């Protein structure tokens, strides 16, 4: 009997009634009903737009020399196509099998792909989003090699069994003509020759096919006579074969690092054997074997020596040497070291015809993590400057932010400072992969993507118009001293690898202020300047965030130590002289716990700062009595207030970056009381190995006195042993995980695992406490458990009403926690000018505003008409410019929004957590709307975004759903099951932006951009670039008089006579299955045929037309003859009966 699950029914009811739960609550002001919402469901649609970055795990490559398009296949079945800068395309094979080989139908707008699952596919590239026209799935044989001759419609397919099958690429049907391995090799050979590793036709005779078998046997097969002309045997396995363009010689590369050159008519022995990297013994013996030469290409030039390009073949004693590409030209041999292993390479030549002088001009080298193009025409073989955004993964991406519709002057400003960072020494020539055309999109707003990386670097990208181009790179690690060796590496690090990795960042596009937080519990504030400066002493602020609780009221051993330390250049702090030596002494001493030591050491030497982002202030959290500082979980900066705020599992700290002082440092639990933090006396006894808890030290940076207070929880004497053990295990587990995953900054992982485990533990009665919730400050087991896990998860600077009774707007800070509480902190700012730099900023906690299920992800403010109220900002000015210029910029400060009238709500606070969204009227703090986003999963990312002149909340759930909710009424507008969470990378990098844009890292090397806007989806075809452009195929090489006379030129072959059904018969049906693609018949005719098919069809059509015209002419002539005969007969009859009477008839 099926169990009846009441919880599922209730969940279903909750989901069904979510829209009704968004109804206005009793007591809500009637003016809220007047908010006009313009966004409807029809404005939303989800689709992928473009994919940027280096193809992840590449496996194969092909180039169209006429269209000048490069195709790259990957191990996951993806296809990436590249043309000129800004022209790129992504498509995916459904099976996800690795792409083992690619072949262009040159200048026909089509591409053949062969996959590891033994299927071949024909792609139509004549449409903006390529589609598969035909597929053929082999069932009895495994595909190992494919070859499509230039201007041929017959594709040769070599298999693991050593056989060769032939496919018509127009109809994607198999020919009955098969070259069996046992007929190709000599009958006397007793062993199987192995898989086919090479197929090519003789450049001068299409009727001769060269077949290379893995064992070392090469066969020249005569297609007409269906027998082998010559067989070439060598003891070593073959990896690749290359023809000389005259068709009289070919070169083979072997597994022992040798190259053998064969004359076609002399199969007995090679004409030449060389080992490019082998040491030649003096006694004339064979050189020592080397590593296999995986590929060789042999390209001729009219005016000089031929080029021989090869990969691999290094001697075995070069252990640890990087992968190399060798270019042999005449007597010179150049060995070009690559940064990564070589996957494949192609030599680009002036002509697509294999029987002409090749004239090579470049080599495209596909590496495991890079694409390099080498200029063969310049001395030293310089590389071309790569115009594609392939360096996203230069260091692993650890965080990502997306800003659509940002100020127009930002991109030129970033480009101007970034252009000075470019490397020198590139080839002077134009990038050779230059095919395709840009899209004609109408969207022209500026878009910027910022990526944070594991090495501490930050990259700014121009993402406008579906393109991506790096603008500027900032290296945050320059601020710190680097450990010179392993023995000197300070053990104060809280992460084993990548101590400079970027964890989160906050950027104000209008003021260009940037604030970044790294995994070593450090925060750096940057200003943007167009002038170079040298900073003698980096401004440093050390913050001691300790937030622990204990069931025993013990004295605080660190009570006499200064919790924060400010060390500006002219500071007279008593501890300033100890700072440089503290990390080293602290890390090497074993006699006591580390204390007041930061994880990283800020550099003591002068720092030269180039134009761009320049360090304003470094803030570091320090070790506290042997406990490392907790990693920073949230961060915000406000240029108008001159404040930076950051939080972790211990609490939050507010820093005035103008005065370089710490304003507030308090535990999460202390925020729940509305009294002023400076008046309270928090004190928390410390217990070893328990980093999470009640309170931090608090210190006003404007005076040096230390205010110590007593925490309400410290009065507890109940032991709570079992709870302590459970909490201890949890903390150890989180620490272990965060250390283990430190390289990918997956402190997130601990957070994620916590959410997953706690999703079923949510208290069902939280909703009932929405408006009247007051945090219990008892020392019960549950409160201790909850506090030990509560961290700051979100911040939002705003101009609002700090308390219910306020009627005037004032600067505020909304604080969200991982337990769903939203608190308000009031800010009291001194007047501008000099007073702002001298008088302290006042801060007071105003208690809890509202409580939601799950951790708070995002917060925003709307005015009474539903318009978004962004945080105030100060317009950008150059900090190193003259005082007059600064004042000009600073006068343009935005005006504050109008203040509230007495007794009326004039703002909506929008709050979104991992489980639900709420809209609260301000200042009354009354809940107006509520929507339960998910019951069974949790939201990973939520953003309040602008679209179509209105606002909405966009959410990405761990179960893969992307949702949007209207504002302020929280009506569901979009809910699409898009992408199940497969790894932490997507969770860490997914972000929404304005105007219906979003992105995430789909692989370690690629950014996938998507849109949730119907308008963008409708215009996508126009915005995408075109891969195929009509280009004339170059003329075939001239045969010359004597070659034409004596038959020395290229021999053509009518393959239709050999491979067609009439001559070769039908292939076995069980060998392969034909699968029609999704492309239409019109597309099929347009793309599959291309130039060759079109010409053939035109010829046939002309013949048919001529034939029909001839038949019509004959029919007309016959009718005319018949008419003449009838006329003659009629005339004769008339004469015969002309003079006779009627009765004589």
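Glycine is no exception: its Cβ is also placed from the backbone N, Cα and C atoms.
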Stated TrEMBL location of region 'Disordered', expressed as one of 551-605, 606-660, 936-990, 991-1045: 551-605
Region 'Disordered' range according to TrEMBL, out of 669-724, 1061-1116: 669-724
The annotated region 'Disordered' range in TrEMBL, which must be one of 752-784, 785-817, 818-850: 752-784
Of the residue ranges 488-522, 873-907, the one that TrEMBL records as region 'Disordered': 873-907
Residue counts (helix, strand, coil, in that order) that DSSP gives for the repeat 'WD' (231-265): 0 helix, 20 strand, 15 coil
Integer mean pLDDT for the repeat 'WD' (231-265): 95
